[in-house]
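Following: one structure in structure tokens, then a few remarks.
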Amino acid sequence: MEAIDKQLTFYNEGTRAWIQDDVEGFVSGTVVSNQVAGDSCTLVFEVEGRDEPFSVTIKKGEANINEKLPPLRNPPVLEGVDDLTLLSHLNEPEVLHNVRLRYSQEQIYTYSGIVLIALNPFQRLPIYTHDIMRAYSGKRRGELEPHLFAVAEEAYRNMLREKKNQSIIVSGESGAGKTQSAKYIMRYFASVDELDQPFDGDADIDAGGMSEVEEAVLATNPIMEAFGNAKTTRNDNSSRFGKYIEIQFHKDETTGRVKICGAKTRTYLLERSRLVFQPKTERNYHIFYQLCSGCPAAERKELGITTFDQYYYLKQGGEGTIPNVDDVEEFEITQRALSAIGISVNLQWAIFKVCAALLHIGNIEVKESRNGDAQINSSDEALEIASRLLGIKPMEFSKWMVKKQIHARTETIVTNLKKYDAVVSRDSVAKFIYSLLFDWLVKMINKNLAVDETKYSADSISFIGVLDIYGFEHFKNNSFEQFCINYANEKLQQEFNRHVFKLEQDEYVAEKIEWSFIDFNDNQPCIDMIENRLGILSLLDEESRLPSGSDESLVQKLYTNFEKHQFFKKPRFARSDFTIAHYALDVTYQIDGFIEKNKDTVSDELLNLLQNSESEFIRELTTLPKPKEDTPPPPTRPGFKAKSKNNKNTLGSIFKASLIELMNTIRSTDSHYIRCIKPNQAKVAFEFEPQMVLSQLRACGVLETIRISCAGYPTRWTFQEFVERYYLLVNSQHWKFDDPREFSLNIVKLLISDKDKYQVGETKIFFRAGMLAYFEKLRTERLRQCVVLVQKNARRFIYHRRYNETKEAALFVQNAIRRKVAELKCREIRETQASITIQKYARGYIARKTYLQQRESAIAIQSQIRGYIARKQLQQLRRDNAAIKIQKVFRGQRERHKYQDARKNIIFVQSCIRRIFAQKTYTQLKIEAKSITHIKKLNYQLENKVFELSQSLAQKENETKEYAQKIETMESQIKIWKEKFDRLDTRYKDSTEQASEGNAEQLREISELKEAKANLEATVEKLKADNKKSIAERDERIAELERQLEKQREENSNQLNEINTRRGQADDNSAQVAQMKREIASLKDQLQKAISGKDYLYDADERVGRSTSVSRVRGRSSNRNRSRIPSVDTRTAMLNVVDRPIRQLSRVRNESVEVKTEAPAATDAPVNEQTKEQETQSLEDECSLKILEDESLEQEIIDGLIMNLKIPLPNSTQKIERKDILFPAHIIGTCMLKLMKHGLLARLQTLSSKVIAAIQNVALRFEDDYISCFWLSNTYELSCVVETIRTKEASRSRSRYRMESDGNKVLIKILNDLDNLLVRLYYGWMKELKKRLAVMAVPAIIEYQALPSFICKKNGGLWNKIKAPQNQYTIDHLLFLLSKISKVLICFYVEESIARQILCELIRLLGVTAFNHLIMRKNFCTWKRGMQIQYNLSKLEEWCDEHQIPEGALHLERLLQAAKLLQLNKSSPRDIEIIFDICFLLNPSQIKKFLSLYYPVDFENPVSPELLKSVSFRTISENNDTLLLDMDDVEFDKPPLRTVDKIDTSGMPAWADLFLIKCLLELN
């Protein structure tokens, strides 16, 4: 009874368990009673979907208690886990339920330890895209959701890390998806090298894509499918053979990249019988239907091809087409694939000719003669076409199909065949030729794709093998093919069991725990029964070699030899069947056809006929050795004789040998297993048939893996994870978080009394099956107790607060009522007093009103009477005043008329008297004006003024001459100092070898020269200042003189006019007038000389300034540090380039000054000025041309402005000016402009090419953000400068159209080159920035937890035991990097639109990377994680707002909606509608994925399958299955080029050693 109590510990009331069901496999039941009566115990279960309860009675002493008890069901928190080994209760119903639950959530992949279980969804899912591949690249298994790519990635990384070959074994029954899974795995391997490359969006920088070898490897799939796949009742594209593809990789030692270098294919057991027979609703091999549908008209006539229903080999199944498959298109794909692996077109049509011949062979009609012998009509059309296509004689062909030749010792006997035997012979020929063709294709694939290992080192070549082989088969009628398939699965299962057992034991050894040997179901006896010396295959080969061998004699031998074998059973009634107890289930085989299928040969006569064919291709096929599936014959065992060469290998022996070699290959590699499951027979999407799936789980060995795991310690936890999960099960006094190992031991010891239930390892703690559910139950109870405690205190607080509130409310109401009563009494008293007061005031008011009315009436009467009297008096006064006024006016008017008449008479008399006096005075003035004395007086005054001005002018001319002499003296001194400087240069050149002795003296002389030069320059500057001051004073005086002269001219002109009018009256004064004209002319000459003197002074000033400028240029050249001067010869050559034109320019200017000074007439001054300007301009152009033609200029630009340029770094204290950043672009643009003006288009193009190449050399390294940003900004600025130059040049006159056209073409080409450089700089720098941000995106946005109240302690997930190391980046680190990039863009004056594109693209990368990571990680899909992500995104949005990038926040909207989705309720259809309304940017596939990945925390219900189905219907209706966001770069939107208003070259640093560039800029 004690044993029963121990077993029934877990079966308390409310415990859930699984009850077996005939339809569903298992249904859930709940314990409703646990009754113990004596020595027995009865458990009663309430079963879902049943009206009657289910009961189990356990009696004392029963040995099979565990078998009778229903399997326990795991707690809800364990349902839907992605690894079956993590289940606490590992049993068949739990495995089936977990797989079914995940399949209903459209999660078709589930781990079971090292095995990946893949259920066929029967529809396309968006989980095989390139983005999904990229998501799994570099991730450890278990880090993301289960997937084919995770297994492929693990195999690939193991190959690289451990340098050991790998194998991926894909198995399953027909229609389970093996072929498609193998194709996806091969496609992943073909793309893995591209996925390994760092993320970038510019295809021009790093060109990706598959190589020819990788494309050829993928091209093998359509070839093998066309010739080896067919439509069956279970699968539309069923592989009718097994294949093992070795994908070979080569590691480049220089670059370290690993790429596919070749492939090798092995095939196993092609289903030859399908060629000649297909069951109903099935098809022959795809290639025949493709040929019938896609063959062109010309070749169709040659091959005699018509529709498929005209051929016996194709119409037996009645199905000629496959839904949604176009055979014409598939035929073109097959042809392209054949070309991709190196098979020529001619050879392809030779292959198709053989296929057509096989179809015609099937149409050859075999008739029966009268005597029962077989015969073929010689005029049979099918016979003639087949013979022509095969290149053999029809008569010979038909003869040996109906006859056979028997070789005796002394003679040869030819006998006729019966009709049945002749048909078998015809079909054997067809099967034989097709098998040869299939083997030849495999050989050609290996020949063209397999790498020559002699060309590479042994360490550089490795492979990953993908085994796509048939699963365990059990039909109603099982024949030789099913026997071989199940034999192969027995071998694979044995290897699988050993592998799992080894991994399990290795884990225990590594953790150093005590363990006993785990017993597992070894199927080696069954394999020995099949393949041993006297096994089934040996007996089959022996019977096949006997002339009289038959199926009946074979089965009798089997009965005799294996009658007592535990794995062999003889049916009770059937005499031609035998049963083998395979590991999955017992299979009964029908012996009919075993011998014939094992032989699988043709007669020697037909073989010789084919070998002597006229067709070279047929001869090549038939001269091949007997197909051995690309494997050598099995090794001979010691003590046994080898087979003679004359004995032909049977199909069974060949398959056995190839299977042995396959096992050796798998044992030499690390194996990875994928078990494909077909969920339903009808091939309906996401329909689940439990019984069918359960049988496949048993057959594929998944349940055996779980049983092995359950025999040991299947549940493993790290100490830290165990403590974090179950620390609350013990009292807080036992908490020791600093020592997780000791803390874990304390928890276990306090809760588990049986030490056999757990083991403590080095890093993990191991538990028996069921213990995890026990801990979860305790934890749930503990949490429930805590919740009850919290609820109790919360409710007490609520009710206490409610009582206090009620009490306060009652007191408040009482106070209010009492206050109201008092207020009413007070109001009554107040109303009484108020009424008395109102009455008093009302009576007083009435009395006062009566009195006032009477008073007002009396006053009104009095006022009327008094008004009437006053008005009478007023009228009388008005009449008196009017009479007085009229009298006054009349009298005044009369007196005024009298006064005006008297005044007029007086004025008339005065005017007459004054006119008489004025006439007398006028006559006297006329007489005086005619006298010369007045004119002389005026002339005398004018002469005095002119004399004073002449003296002042002469004095200023003398001063000017003195200044000119001083300037000449200074120039001679400058020449003397320059000659001294030249002599010093010559002396320095001669004394280079004795530099140590004369260096001090030269430095001293140079310093003296510098001081003298500085003194001289100071003197010249002082003279210039004095000269300018004197010139200004003289200008003022001359202006005053001009004003006086102009005034005098006007006076003289008036006088001359008056004199001319009176010339006839005063002829005696003509001499004096002539004298005055001469004096005026003299004054004009003096004034013109004064103006000429002014021009001279101006020219002298210009001459002094120019000489100083030349001296300054040379002075700067001589004052440079010797370390910067390459050599004296180089410096002298550079000086000679510029010195001669400058000397000529100075000489011409001096000559022009002398000519201007000596000019006799003022009219010649403008001509001399124009001549001087022309000569000066020509000399400046000559000087510029010399500099531009010098090759040192290009080298100076490349070295000084690009290669060796010190880039100004951003400074927080002082802002860098725009000219200090963009000066390289402006200086280079200025040089281009001068080259353009001088017509040096070839040098312009050369310079631009060298500049672009130098910028590429410096900037495209992307070693520093400052360098990249600096040249990105300058490249765009240089493009703007060049565009400005092109625009200005295009607007010139049409007379230079040809030159402008050539220059415009050159400038357009330069602009195109700069545009390409700008794009490469943008994408290259973005690539480097994205590398850094991509590493920070997930840790900073997804993993970082800034809200302390919502911390998720399980960063690795509750069930994810693999913790990949991550950098501890926070959101602050991310924002700091973004701020740094933004600051760099601002400091280097990057164009605003480019800067916004860069920041927006980086933010988009953050949003896309984080979103794609979140949607692939189950351990993050909780509501707490959603709150943390939303907070981190809010910080990013605040950053975007601060930096005025609102469009950047839009790129985070999808991730923000995903975070909101995690926080929303998900319990009802209404909640789903709300989710779709809020998360409107997410498509239904993404929402469905998040809901399926959502992990409920404590006391939270999981998302129900019904809600997921409703979301799935939306997915189908909207037809949008994009899962991951696009990671590709957004195309760079290059901003339009702006016009540069001013080319500013002032930003060139003073330390720059750019002599020629500075000279060129000064001549601007």
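Glycine is treated like the rest: Cβ placed from N, Cα and C.
The ATP binding site annotation in TrEMBL covers Gly172, Glu173, Ser174, Gly175, Ala176, Gly177, Lys178, Thr179. Annotated domain 'Myosin motor' per TrEMBL: 79-780, in sequence order. Residues or ranges marked as domain 'Dilute' in TrEMBL: 1249-1518. Annotated region 'Disordered' per TrEMBL: 622-643, 1045-1072, 1151-1180, in sequence order. Taken from TrEMBL, the feature region 'Actin-binding' covers 659-681.
Counting only same-chain residues at least 6 apart in sequence, those with a Cβ under 8 Å from the Cβ of Gly172 (ATP binding site) are Ala118, Lys178, Gly471, Arg675, Cys676, Ile677, Lys678, Gln696, Cys700. Excluding Gly172, Glu173, Ser174, Gly175, Ala176, Gly177, Lys178, Thr179, which define the ATP site, the same chain contributes Asn120, Arg234, Asn235, Ser238, Ser239, Gly471, Cys676, Lys678 within 8 Å (Cβ to the Cβ centroid), listed in sequence order. Neighbour count (other Cβ atoms within 10 Å of the Cβ, all protein chains): 24 for Gly177 (ATP binding site). Through the fold, the region 'Actin-binding' (659-681) approaches residues 99, 103, 112, 114-120, 122, 148, 151, 154-155, 158, 162, 164-178, 181, 234, 244, 266, 268, 465, 467, 471, 487-488, 491, 495-496, 499, 631-632, 634, 687-689, 692-693, 696-697, 700-702 of its own chain, all at least 6 residues removed from its boundaries and within a Cβ separation under 8 Å.
Packing around Glu173 (ATP binding site) is summarised by its Cβ count: 23 other Cβ atoms lie within 10 angstroms of its Cβ, all protein chains included.
For the region 'Actin-binding' (659-681), the DSSP counts in helix, strand and coil order read 9 helix, 8 strand, 6 coil. In this structure, the binding-site residues under consideration are Ser174, Thr179, and the one with the smallest number of other Cβ atoms within 10 Å of its Cβ is Ser174.
With a 10 A radius on its CB, Lys178 (ATP binding site) counts 28 other CB atoms from all the protein chains. Averaged across the region 'Actin-binding' (659-681), the predicted model reaches a pLDDT of 89.
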